[in-house]
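**Q** Mind looking over this structure? Questions follow.
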Amino acid sequence: MDAAAEMQKVVSLRRGGGGSSSRGAASMWWSADNGVFSRSRASSSGEDGEDDEEALRWAALEKLPTYDRVRRAVLPVVEEGGGGGEAGKKVVDVLSLGPQERRALLERLVRVAEDDNERFLLKLKERIDRVGIDIPTIEVRFEHLEAEAEVRVGNSGLPTVLNSMTNKLEGAANALGILPNKKQTMPILHDVSGIVKPRRMTLLLGPPGSGKTTLLLALAGRLGKDIKFSGQVTYNGHQMEDFVPQRTAAYISQHDLHIGEMTVRETLSFSARCQGVGSRFDMLTELSRREKAANIKPDADIDAFMKASAMEGQETNLITDYILKILGLDICADTMVGDDMVRGISGGQRKRVTTGEMLVGPANALFMDEISTGLDSSTTFQIVKSLRQAIHILGGTAVISLLQPAPETYDLFDDIILLSDGQIVYQGPREGVLEFFELMGFKCPERKGVADFLQEVTSRKDQKQYWMQHDKPYRYVPVKDFASAFQSFHTGKSIANELATPFDKSKNHPAALTTSRYGVSAMELLKANIDREFLLMKRNSFVYIFRACQLMVVSAIAMTVFFRTKMHRDSVTDGVIFMGALFFSVMMIMFNGLSELPLTIFKLPVFFKQRDLLFFPAWTYTIPSWILKIPMSFIEVGGFVFMSYYVIGFDPSAGRFFKQYLLMLAINQMAAALFRFVGGAARNMIVANVFGSFMLLIFMVLGGFILVREKVKKWWIWGYWISPMMYAQNAISVNEFLGHSWDKVLNNSLSNETLGVQALRSRGVFPEAKWYWIGFGALLGFIMLFNGLFTLALTYLKPYGKSQPSVSEEELKEKQANINGNVLDVDTMASSTNLAIVDNTETSSEIADNSQPTQRGMVLPFAPLSLTFDNIKYSVDMPQEMKAHGIVEDRLELLKGVSGSFRPGVLTALMGVSGAGKTTLMDVLAGRKTGGYIEGNITISGYPKKQETFARVSGYCEQNDIHSPQVTVSESLLFSAWLRLPKDVDSNTRKMFIEEVMELVELKPLRDALVGLPGVNGLSTEQRKRLTIAVELVANPSIIFMDEPTSGLDARAAAIVMRTVRNTVDTGRTVVCTIHQPSIDIFEAFDELFLMKRGGEEIYVGPLGHQSSELIKYFEGIKGVSRIKDGYNPATWMLEVSTISQEQALGVDFCDIYRKSELFQRNKALIQELSTPPPGSSELYFPTKYSLSFLNQCLACLWKMHLSYWRNPPYNAIRLFFTTVIALLFGTIFWDLGGKTGKSQDLFNAMGSMYSAVLFIGVLNSQSVQPVVSVERTVFYRERAAGMYSAFPYAFGQVAIEFPYTLVQSIIYGIIVYSMIGFKWTAAKFFWYLFFMFFTFLYFTFYGMMAVGLTPSYHVASIVSSAFYGIWNLFSGFIIPRPKVPIWWRWYCWICPVAWTLYGLVASQFGDIMTPMDDGTPVKIFVENYFDFKHSWLGVVAVVIVAFTMLFAFLFGFAIMKLNFQKR
């Protein structure tokens, strides 16, 4: 075969895969971390016989053409039976490697990631270098980058209902040039220039808000349109337009977005499959060709690894297994990732999945944003070390931002970029950074991590403590001065010189920059998405089974309501009942499609992330989500039609039966496509619920059943022709009424038309057989249209927008001053309102030494209290999974008799590895456990602990900071203080106290900031932590528990939080913190340590001592324990030397050693002493359980709910807006029909307007209130546990706040619709109409709340509540009037709230009209005979409607009081 033909065949083998991302292959697939070459050498030097045999196999392999050779490898045959021995060698096709073979290969190459990865990568590099192949590299240059965002300043940025409306109008006026733009620009990056070199690890540091994420996004070519950006970023001298940056570089976000129902392995495999292999295949073919020419035989295992990693289209790739191993995810590879609803992996593991998702691809440059959040320092160290090996050996480019890098992790980096207030303060080699700051007059203290020092040295508050030129007075050095000084520093000069010389493009490797948009062919991407969608459908099978069952239940109800023995064919009225049954069937099939909304929306954040990373185009995602649902439609619709068709007594012809089934299939598919499109266009659950209900409403009302075609106004007739429901209703009606059952001619009929034709004409349906096929064809057209629109929406729309950023005026001034280099005076300086604390910047140990608790005397006095606990045991029922593994005990013990004491003015750290029981112990002591078995004694200052009184004197700062999202910081504190301080504290003292607390925790500049939802809007993680502490402090507690107060924070933020904690202790309070991996200075801010080991036992309880001397002395005194190195973090050392593996190595039990120590005896004596009440003391006593009276609790809860509702435009503004729109639509659709009473159809039309409004606006209220109540409920659990209020005042606040909003909604709707439809203008009739509408909207809202109260989450609530909407719809009296309902179902009409509403509305409007209709019957008599609605019953109806409202509200309150879905 000639070379050209051979290369042609090789290219075809790649199946359309990824153009020129050559370095991608070579670097990032390796850039994970395994690396073993320890065993691979052994395998190539076996016995002579084996060598000969292997040589023959290699010779045979060499003779193959390149096309076949790159697919085959020589591998050992693993013996069966798990012995692990080798039974000779064989040639295998790398595309068909099984999981066991892949595992065995990896095990030989990289047995232990920490030890073997580097050796493995060096082997790879050696093989590539041996034949002289260059690995592509990328140098990223950025020059004069400027970025700024438009923000609203002050209160105009708060998302109130009023602001949202005025801001929208203002935005429109700005766009038209009528009004000037009131937004101000906030600088994010300012004149940022630099170079990121290949084969070097760059660490990006900077305090929060310094612009790190923006810089990383700019370098990766991923900045959004909402940020104004200038400057240029080049890769190897090429502008961004010359290649595809999203595939050349990988940006790893700080947000973990994954599909919870997929396992870790499936998530990474899908990512690898979409990203393709880049240039690995090109490199491999060239490598193979050169080795053959040079007669070089590669190492068999390395050869197999490279070949298996270079093949596209594999469902599971060897690279995935390799990355899993390096990231330490192999232990949870087959565990679900999990989310709010599905239990899954831990937060730290989820963070690693986010990293792994990009590492499995072939990108050449990595930009990684805060990849260490939630990871302990040893895991972070291991991951960064593996990345470093890959970058150094295989020529990658990496910029990584980390929050609190430990000193050993910091030392792994080559270069540092320090960013502050959007300016580069330093960029260059790690070794030169301290020299630069010493020139500026600042020195890093000995026991301080350099990374922590760098984050703090530019900050206004922290700078002073590092000033070393004591002969000169200190003055604040602004960021601008640092930035300009760096320009004249030797490192800054050399970077400027290098930037002045353009990059030599001739050095650019052709494979370095990727020019193809996607990694593999479109068909391959479609296959990958089909496989994933099928997998998710299997995992979500419960939803589909539930949906099918729900349809069958509705079908069973429908067929017993429209029972064939009660269904006659004697008059046109009977035809109307049959048509009602058909309408109900169509409607239920339509409603069934609604469940596509949440299924679509929950997957969208992950979809948008993957689309923007160019994993796949939108159509490869939308087609599988449509096609794979078709078989489900067959089952769901089949169950419905097969059950009900003959029982209801539709036309018995088999042909008509199957035609109805076919039509129902089309309706089901059309509905699913419609709601997928609505979900894709709305991208937010609340908006989608409103928009989806709105679309359904328009299609229903204009579908020809609620309002007949002849009565549709000429200005709305277009709506009739484009409503899918019209085609469905017409087709299904024609199919039924043109059948043999309906072809009789009535004796009293004036025409020769059959009964079926007359029935069709009475409802405005075209009585021609062709309308079945017209309807069916139209539905197919709508299916295509909605699926097409869904695809377009997902192709072009951005993810749902976060709320408009808003900043305080002080914050903006400070930001601008820092960039301009101005020094702010103290009065306007946002961050320095609390000068007492600014001066308090000595190191923590100095604070501890100088502290005088009385000096910071808070406004309010409190009683210092101690807490002791003796022999505390805690156990839970043994989980079923553990019993399944053969464990016979009934209980699992989590705490095994721990004892200790916490004292006033002493700060205690509660530490231990994951699973040691830190949070469990804290929950037990604080009384926060909702289940399990507790034994042992707990005393408070010598008296037995009673939870009711203890809750009043203690505070608990939870790890996940739960607060009401729509209130400001100061309002959160005011609410907490109002409910928790004694009632004798007057409002002025309370305000002073809140001010003092805000100063203590440095929240004054944020007083008017909205709290927001974590990760979505509002406060940053660190600010939320401080708010959590402040919310507990304003209760003036004596004892405070804090769970992980510094997790997820950068070094500076952690220092601020610890300063807050220290200040709190110095006021004489008792404070206990669980803490994860603290830095030296955070660890040494504590006075005492309570150290636990896995299994819930204590191994050290005692003082830390100066520079942790007591702790070090204790552990070094244990025989065999290695001594601590100079400068090493005592916290890290202590955790390392006390692990279970260390215990086994030394043959000791640290718990036993502690219990035999003198320290233990001292602690026992202290517990004994503190467990005895001091003379003259008395037990804690409060006359009432809560500090406020019941009435005041109700007022406080109502005040907070008022703020929450006023600032929730997605709920309230949209609700009022859509009510107005629906009112105007109904007014124009049913224009002037209210006064017409000539025909029965006129009454049906008027009733149709009432029925539609009640059902649709009611369901809209019910569905949209659920997420709001659900968010507030999680806050309620925390606040109730803190003893702030009882359940009833909370329920009262949540219920009462709905009244004004629902009243406004009812008045808007009532006035518009009543006047436009033309009902009779009498005061009584109008107020009855308003009365019934108001209470109906209200009971629907309370029904939605009740559903949330009774279920664990609002997803479950929406499924449960939607089951009842269909039944209420059927028994409302519109589809089938009450007298026609079979006797066995008539009882339900009396307990159906919608039936009572329609009773009230129809009876109040028409029940007293004596005007005769066309056939001579007075309207009043027709209403009484046909509907059984009596005007004289209006008073009873009103009472029943109010009773339903009260019942649902009461059930919500009862559920909140009695049910607790929080498991602790």
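Here the Cβ of each residue, glycine as well, is placed from N, Cα and C on the backbone.
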**Q** Need the matching range: Swiss-Prot marks region 'Disordered' on one of 1-26, 183-208, 209-234, and I'd like to know which.
**A** 1-26
**Q** What range among 319-339, 1243-1263 does Swiss-Prot record as transmembrane segment?
**A** 1243-1263
**Q** Three states by DSSP: which one describes GLY912 (ATP 2 binding site)?
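**A** Strand, per DSSP.
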**Q** Measuring CA to CA, name the entry from the binding-site residues PRO208, GLY209, GLY211, LYS212, THR213 that ends up nearest GLY915 (ATP 2 binding site).
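**A** Nearest listed residue in space: PRO208.
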**Q** Determine, for the ATP 2 site, the additional residues of the same chain whose CB lies within 8 Å of the mean position of the CB atoms of GLY912, VAL913, SER914, GLY915, ALA916, GLY917, LYS918, THR919; present them in sequence order.
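**A** Checked against the 8 Å cutoff, the neighbours are THR920, MET1092, ARG1094.
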**Q** Go through the chain and flag residues at least 6 beyond the ends of the transmembrane segment (774-794) whose CB is under 8 A from any CB in it; none is fine as an answer.
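**A** For the transmembrane segment (774-794), the sequence-distant neighbours (Cβ-Cβ under 8 Å, at least 6 residues beyond its ends) are 607, 611, 618-619, 621-623, 626, 662-663, 666-667, 669-670, 673-674, 676-677, 680-681, 724, 727-728, 730-732, 734.
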**Q** Determine, to the nearest whole angstrom, how far the Cα atom of GLY206 (ATP 1 binding site) is from the Cα atom of GLY912 (ATP 2 binding site).
**A** 29
**Q** Would you mind checking how many other C-beta atoms are within 10 angstroms of the C-beta on THR919 (ATP 2 binding site)?
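**A** Summing over all protein chains shown, THR919 (ATP 2 binding site) has 17 other Cβ atoms within 10 Å.
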**Q** Please list residues from the chain of ALA916 (ATP 2 binding site) whose Cβ is under 8 angstroms from its Cβ, counting only those at least six apart in sequence.
**A** MET1092, LYS1093, ARG1094, GLY1095, GLY1096
**Q** The transmembrane segment (542-562) and the transmembrane segment (1387-1407): do they have three or more Cβ pairs under 8 Å, with pairs 6 or more apart in sequence?
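**A** Judged by the Cβ rule, the two regions do not touch, with the required three close pairs absent.
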**Q** Just counting, how many other CB atoms are there within 10 A of the CB of PRO208 (ATP 1 binding site)?
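**A** Around the Cβ of PRO208 (ATP 1 binding site), 15 other Cβ atoms lie within 10 Å.
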**Q** Just to verify a number: CA distance, GLY209 (ATP 1 binding site) to GLY912 (ATP 2 binding site), in angstrom, no decimals.
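**A** Cα of GLY209 (ATP 1 binding site) to Cα of GLY912 (ATP 2 binding site) measures 32 Å after rounding.
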**Q** Among the binding-site residues SER210, THR213, SER914, point out the residue whose Cβ has the most other Cβ atoms within 10 Å, with all shown protein chains included in the count.
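**A** The residue with the densest Cβ neighbourhood is SER210.
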